[in-house]
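Step one of this worksheet: look at the structure below.
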Amino acid sequence: MEWCRSSADSPCIYWLCAMAGMGKSTIARTVSMACDNEKRLGASFFFCKDDENLKNAQNFVTTIAFQLAEHIHGLKPLVGEAIKNQPDISEKTLEIQWKHLISDPLNSLDKPILEGFVVIIDALDECENNDDIQLILRVLARANEIHATHLKVFVTSRPETPIRKIFGYTMMKMHQLQILHHVPRETIDHNIRLYFQDQLKDDVTPENLDRLVEKAGGLFISAATACLFLKGAPAMKEKRLNLLLTNGTSSQNPEKVLDSIYTSILLSAIKDKYDEDEYEEVFKRYKRIVGAIILVSIPIPMDTLSRLLRLSKEAINDIIGDLHSVLDIPADNSYPIRTLHLSFRDFLLSGSRCQNTNLRIDELQGHRNLLSECLKCMSDKLRENMCDIPYPGISSCNVKKEIIEKALPPDLQYACRYWIYHLQRSGNEVSNDGNIEKFLQTHFLHWLEALSLMGMVLEGIDAIRALESKVSSDGNERLYELSHDARRFITKHRKTIEDAPLQIYSSALIFSPTSSIIRQQFTKKIPMWIKTPPLVRENWDPLLQTREGHSDSVETLAFSPDGETLASGSSDNTVRLWDPVTGASRGTLEGHSDTVFTLEFSPNGKTLASGSWDKTVRLWDPATGALHGTLEGHSDTVKTLAFSPDGNTLASGSWDKTVRLWDPATRASRGTLEGHSSGVNTLAFSPDGKILASGSWDKTVRLWDPATGALRGTLEGHSGSVFTLAFSPNGKILASGSWDNTVRLWDLATGASCGTLEGHSSRVNTLAFSPDENAHASGPWDKTVRLWDLASGALRGTLEDHSDWIKTLAFSSDGKFLADCQSSNGQLNPWGTSGSWITHEQHNMLFLPVDVRPRCYSIFSAFVAWGDAFGRVYTMELSSYQPPSNSIYPVNAGIRKAYERFHL
């Protein structure tokens, strides 16, 4: 404590070094309590190999910073500001964390703090990574750079070589060293005697007290273990005391003394309870239970241990019930069982120290046993859709914690996380009994689903990589190929799996190469609603692309009216025709000299029109791929196309500010409609084909007579570009949507405005009328749908549960329901797209990975098609979907978003 109170001139680090069992942690706790009483405790961090959060340096600096901020006046807001400026500071290196969370905030204090603060670091040697230890000591050495207060660091550890080297070579002048095992034996024995007197009171004679001190051999852990053993069964105290005093000789070295104590405790726990003819079975069970307790990756509770080993809690208690002097066995079965000291584990695993073969734990065999238990646990309990999630696009973060914990109990979670850990430590080649291969072939996807729900997908990648490495060295070629493919699978689809666990069975499978072992093994797991998956590459090689496709990004797609043909237009200047069912190419239509920007099928499907940046329109026969003709006349990009309802007229709108009319049969021009002062964005024919409306960047809508080309009127009022038009079913009203965030309604008989529908927070992208013309729906980029009463112009409702901007709207034929159907033919369709997802009734269903992400899409009935930025076109055939009937989710009231968008 004198060092703790000393001036800033004294060394900033005090290193207490000692062998195992000499009381380092006890001293650390004592110093911590004393500093706390004197208001000079800044922070503490006690490393522990048994604790997932305390066996590495990941949380070291942030924990120290948090505690310093609590104890030092004025520091908390400075640390908070540092975190605000660098939200990802916890992911930075330890040096950067120390500088921004500790050093800089302390040096920025308004007033220097005269009193010193002490940071306690215990059991540094139990930090599992030597590189982390080096980094920790390096940042601790910077404590003397903090001038606003005297920050001192008290460190305890075993004299491990990496720690000794760092202190010896780089921190000679910065630390004070105390080696406990160099302290005179008389001093240590005196302290141990005081401990025995405090713990045993007057229950032992002075003579026996002397012998107990002598037996402890200078090790505090020996004294502590002996006291626990003696106090654990008051009625047996005399017998146990005699056992301790007669076992071994006083000439033994301290470690031998401790070993004899451990041996006595273990044998007493078994021989006092069982008959000799039961020993073989009892010791076998002892090795299974105690071996599991000391070899599990993290300490586990009695409840978990019981389920993992498939033994009753009573059976386990029969073995360990009298081992409280070496094991921490909580009364609450939900708390972990731990060894009281690391030396007990070391003793059990050492052939030279634990010479009784009935008591010694075979480490390799113990790990093999735990691997077997983990595989058995997972094989029995894992299944598809563990949490009965109703829709495959639901994110794991939206699944309630209590549902996950019920579906994945602690024993199953342990098995999922650590089966590879035990395999790595099993010492020999991967078992030839085929259990691991069988598990992967049956439950690999189930295992990934569990990891996703647990938030442990990254650990899964590390585990499979470790498996791949192990089996490659073992020469197990078949298992190596399986594990290699499994690693490619999980690495490729990591983000998908992390976000939505059920996408493992849909997106991850169908977007894996056709030659993937995992895909082939689990093909039957692909959901029934995916009738025809898209064509994908054959191999994992990222340089391979699909065998057929565009050589540049796909800009536009269109289905034929019967849905039998899909057309795609690309920046590679071509149009391609596809079979939506098989994905097979039906031909490439070449002729454009620049990007194909828009496509439109004639109503009878016998003509396909394509508009391009090369300023032309080309007419194709989609059945043969033959070019019917090229329509020239525009002086800028052709942005939009529209066939009249009878198919006898084709209108093309261009950024040259004109609309041109064509006869598709003769390819003759029927006239040029001039009047717009900027590019034409959208065209629409009235239901009877007698009016053509055009919307432009010039913020106006113009009405034309397509028969004569005469201008019938100009509709002005928008303050932004007009991008979408829709006629009412009777052709009497026209709606226009604009970048000014409004919808305007026009009376076509008079050209007068019927009203302005305001309320959207972004540009209006799509419009739809109800069949009875009493209602109108609009969809903007603000991810909402607004429903309007046409008679009054009043807003009937706002539908706000969309995850992306609205692309297309359609009413059902009876007008009772509205859907953002996203269909190329404007018909009600439950399937759609939303950002990175294919959706069904507004529920995310199929995630589209980055490398197949849509640049444009089209939907016809059960066919979904999209083109990506690499020129590839994908088609899928889908069917209806019903959530599982056993779902525990409130499908209708909570998670489910109504497909029947709004009752009119």
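Sequential numbering from 1, following the chain as shown.
Cβ coordinates are placed from backbone N, Cα and C, and glycine is handled just like the others.
The annotation domain 'Nephrocystin 3-like N-terminal' is assigned in TrEMBL to 2-158.
Note: the repeat 'WD' (547-579) comprises 0 helix, 15 strand, 18 coil (DSSP; helix = H, G, I, strand = E, B). Feature annotation from TrEMBL assigns repeat 'WD' to 547-579 (among others).
Same-chain residues lying 6+ beyond the ends of the repeat 'WD' (589-621) with a Cβ under 8 Å from its Cβ atoms: 555-562, 564-565, 567-571, 573-577, 627-632, 634-643, 645-647, 650, 652, 654, 656, 662, 664, 667. Taken from TrEMBL, the feature repeat 'WD' applies to 589-621 (among others).
Per-residue pLDDT, averaged over the repeat 'WD' (631-663), rounds to 95. According to TrEMBL, the feature repeat 'WD' maps to 631-663 (among others).
Feature annotation from TrEMBL assigns repeat 'WD' to 673-714 (among others). Cβ atoms under 8 Å from those of the repeat 'WD' (673-714) belong to residues 636-637, 639-646, 649, 651-661, 720-727, 729-731, 734, 736, 738, 740, 746, 748, 751 of the same chain, restricted to positions at least 6 beyond its ends.
What TrEMBL records for 715-756 (among others) is repeat 'WD'. Sorting each residue of the repeat 'WD' (715-756) by its DSSP state yields 0 helix, 22 strand, 20 coil.
Residues or ranges marked as repeat 'WD' by TrEMBL: 757-798 (among others).
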Long-range Cβ contacts under 8 Å made by the repeat 'WD' (631-663), restricted to residues 6 or more beyond its ends, are 597-604, 607, 609, 611-613, 615-619, 669-674, 676-685, 687-689, 692, 694, 696, 698, 704, 706, 709
Secondary structure of the repeat 'WD' (631-663) by DSSP, residue by residue, totals 0 helix, 17 strand, 16 coil
Residue counts for the repeat 'WD' (673-714) under DSSP, helix then strand then coil, are 0 helix, 21 strand, 21 coil
